[in-house]
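Among the features that TrEMBL reports, Mn(2+) binding site is placed at Asp113. Residues annotated as site 'Interaction with galactose moiety of substrate glycoprotein' in TrEMBL: Glu145. What TrEMBL lists as active site, proton donor/acceptor is Glu201.
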Amino acid sequence: MLLSREKPEILFITPTSEKFTQLADLTRLSQTLSLVSNIQWIIIEDRAQKSEKLVKLLNRIKVPSIHLNLKTPPAFPGRGWAQRNYALAHIRNKYQSATGNELKKIVYFGDDDNAYDIRLFDNYIRNVKRIGVWPVGLTYGGVVEAPRVNQDSRVVGWNSLWRPDRMFATDMAGFAVSLDLVLNTNATFAASCDKRQLGPETCFIELLGVQRGDLEPFGVNDQPKEILVWHTRTEMYRPLQNDSDHGYIF
């Protein structure tokens, strides 16, 4: 097996917004990413200006990072959509003239409160050729959301509690795409997407111009069948009204 530094660099896109648990979530995620070599963390804050606490966090950790910020416009239907688009625009601008090994990068959307098995990066993401998909645990009230494959290991459907009839019924954490595919399309998380009917993942992947048969499944035929990423959600924390942070950074 090739060492991870010899394999494609991962562009790990994380939108984040102000909440009491934000710094806790990002600290935990940064600890995970610090164990991964050849990765670039693109973090986008949902605010008009960068926060000092995130500037300090990113300066302290050992993960190569790019810190962006964009306040969500009123028209966007979902949290994090505008920030992911901003990151995609940054990537397209930065790598529009890339050639050869410069194109050996994989784009992955990683939420700040998910749980990631370290094997996800080298076993799945780095081995994606164009667009890869895999199981995700704890999705939208379900136990697992995963691609279904035929005897030829081609994706033919989805195990999903919500709208399994969607063409691409995967979770945001359940797919990654090559930089080359991103650069050759204008795919975004469009404000016109009906998230109640399709979800942002389906809308985005359709705009990449791929078909279900183009998907590269990972982890579906493995024994035992393990999950390497979970769509965990940090509980919405609200302190008692009369409590104080006592000057500590949140």
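One-based numbering along the chain as shown.
In case you wondered, yes, glycine gets a Cβ from its N, Cα and C as well.
Annotations in TrEMBL come from automatic prediction, not curation.
Where TrEMBL records a feature, it is marked here on the structure.
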residue	record	DSSP class
Asp113	Mn(2+) binding site	coil
Glu145	site 'Interaction with galactose moiety of substrate glycoprotein'	strand
Glu201	active site, proton donor/acceptor	helix
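On the backbone, the CA of the residue listed as 'Mn(2+) binding site' and the CA of Glu201 (active site, proton donor/acceptor) stand 18 Å apart. The most crowded of the recorded positions listed here (Asp113, Glu145, Glu201) is Glu145, judged by how many other CB atoms sit within 10 Å of its own CB. The two recorded residues, Glu145 (site 'Interaction with galactose moiety of substrate glycoprotein') and the residue listed as 'active site, proton donor/acceptor', show a Cα separation of 13 Å.
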